[in-house]
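Presented below is the structure to which this report refers.
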Amino acid sequence: MIIYPAIDLKDGACVRLLRGEMSQATVFNTEPADQARLFESQGFEWLHLVDLNGAFEGKPVNGKAVESILGAVTVPVQLGGGIRDLKTIALWLEKGVSRVILGTVALREPELVREARREFPGKVAVGIDAREGYVAVAGWAETSTIKALDLALKFEDSGVAAIIYTDINRDGAMGGVNVEATSDLAFHLTTPVIASGAVSSIDDLIALKKEEDTGIQGVICGRALYDGRIDPKTALDLLSSVSVSGTPVTGKAG
């Protein structure tokens, strides 16, 4: 299982939001490239970037910060936020992003996701952010009437690299990741799932690791890494292990 340290960008700085509220932002580093270098030096093999301003405005906003990160590290980077057309996808991939995350357009223009996947195989993930089980878009400002699983199932045969699932009500609140909802989603899909939202302790990582065989391929971790609740080496050792304390992980039926 891969752990993805999160670098959320707002006004050029590395921040964490509380439940997706832009007014509830805590600045952790004013130099995102330095934060990226730190994560790489700690042994992380991927980085997860989000252009928060871009998610709200529907276009890239923190481009300079993203480019500074791409120039500072050698590990692959996945990026979401404000990516809503093929031109923007191509631009970021040309600049060195390894995988783009499509969120709002996955709900509003699912065919664009399929077209992007065909044009950029292995480079496109779908971000599904849910509030009480229903998909939220436009930087979480709007909640739809579509359930997360129903949207995910639309892309089962499209060949997207992963589904990134976030429980908005828990995100940034340190209340513990929603393991049940994440594993249930993964169980019903063949597409790998990456868990996100409120990972607050090693216990959360253990709980997710035990459900790895349902299809949970990775986990995004933010605030808990920044404030020291999760030790990088401990987390990396845990998630690279075959099982947790000898406890077999559960498997998919059939």
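Heads up, the Cβ atoms here are built off N, Cα and C, so glycines get one too.
Under the heading active site, proton acceptor, Swiss-Prot lists Asp8. Cβ neighbour count for Asp8 (active site, proton acceptor): 24 (other Cβ atoms within 10 Å of its Cβ, all protein chains included). DSSP gives Asp8 (active site, proton acceptor) a strand state.
When other Cβ atoms within 10 Å of the Cβ of Asp129 (active site, proton donor) are tallied across all protein chains shown, the result is 26. Under the DSSP three-state reduction, Asp129 (active site, proton donor) is assigned to strand. The feature active site, proton donor is assigned by Swiss-Prot to Asp129.
Cα-Cα distance from Asp8 (active site, proton acceptor) to Asp129 (active site, proton donor): 15 Å (rounded to the nearest whole number).
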